[in-house]
Amino acid sequence: MEPWNSTLGSGFILMGILNDSGSPELLCATITVLYTLALTSNGLLLLAITMDARLHVPMYLLLRQLSLMDLLFTSVVTPKAIVDFLLSENTISFGGCALQVFLVLTLGGAEDLLLAFMAYDRYVAICHPLNYMVLMRPRVCWLMVVTPWVLASLNALGHTLYIMHFSFCMSRKISHQLCEIPPLLKLACADTSRYELMVYVMGVTFLIPSFVAILVSYSVILLTVLHMPSNEGRQKALVTCSSHLTVVGMFYGAATFMYVLPSFLHSPKQDNIISVFYTMVTPALNPLIYSLRNKEVMGALRRVLQKYMLRTHS
């Protein structure tokens, strides 16, 4: 095929899960509900943690970052998918595609590192409670907040510039819900085998060390919790850690499938399902997993809403 000039042409055509579904209207309605749920739940969690001084501690500072990342992550993909389906318009410009690649890599990479830092926070809180305020002092906390954003954005910038420099063949159709590296590589005219190896190395470098750190942290936590004399303390620690591990399992499962498994194991249908899971389902579920099982968060949310109601009636 002859290469087409993507910088001057009309861009790409996204052939997402809504184009492949037997009941696209029902699926679109479900995605809309998930997006509304993600906006509402993450927004309320951000509001509660920001407004309630009792939650201004390291654990909730990191949780606030997770909610912000989830809110941005789903907003990068979901609104466009819904609007495109309603308007029967699936195109995305070359610049828009590049921006989407950059934002998805930035937010995904930052969340990967943040989850590892959250595991470390729980490890220190449960295994070294007397040294918690020293090991998790404000400077360390802010370093944990800033580092994922900086490292992930630098990594994303390099990959975005590289993937978008390829010449793409006449087929402008991306068999995916969004612009991501794996489906874009299938449209490139040049030999991409070396770059595919780079993508694999990136996936392993970002995902595996963080995942191993999380597993080690929670293994030590579990051993510590089992030796706790207090049943109440043991139950609280297990509830907190189980919610964290649920989030970790959902995120790393999807990310590993997309960026670590070899390309020959991928199919467009599977990739679309996985993309819906980590861009739409997970951001909607994460705040519910944390808030519904956390009395401190629910209490803070009630206090914030009560203050708002009092102000509106006064």
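Any Cβ shown, glycine's included, is placed from N, Cα and C.
The following features are taken from TrEMBL:
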DOMAIN    41-290  domain 'G-protein coupled receptors family 1 profile'
TRANSMEM  29-49  transmembrane segment
TRANSMEM  61-78  transmembrane segment
TRANSMEM  98-120  transmembrane segment
TRANSMEM  140-163  transmembrane segment
TRANSMEM  197-225  transmembrane segment
TRANSMEM  237-261  transmembrane segment
TRANSMEM  273-292  transmembrane segment
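Sequence-distant residue pairs (6 or more apart) of the transmembrane segment (140-163) and the transmembrane segment (29-49) include fewer than 3 whose Cβ atoms are under 8 Å, leaving the two stretches without contact. Scored on C-beta pairs under 8 angstroms, the neighbour of the transmembrane segment (273-292) with the top count among 29-49, 61-78, 237-261 is 29-49. Residues 18, 55-56, 60-61, 63-64, 67-68, 70-71, 74-75, 78-79, 81-82, 276, 280-281, 283-284, 286-288, 290-291, 297, 300-301, 304 of the same chain lie 6 or more positions beyond the ends of the transmembrane segment (29-49) yet place their CB under 8 Å from a CB of it.
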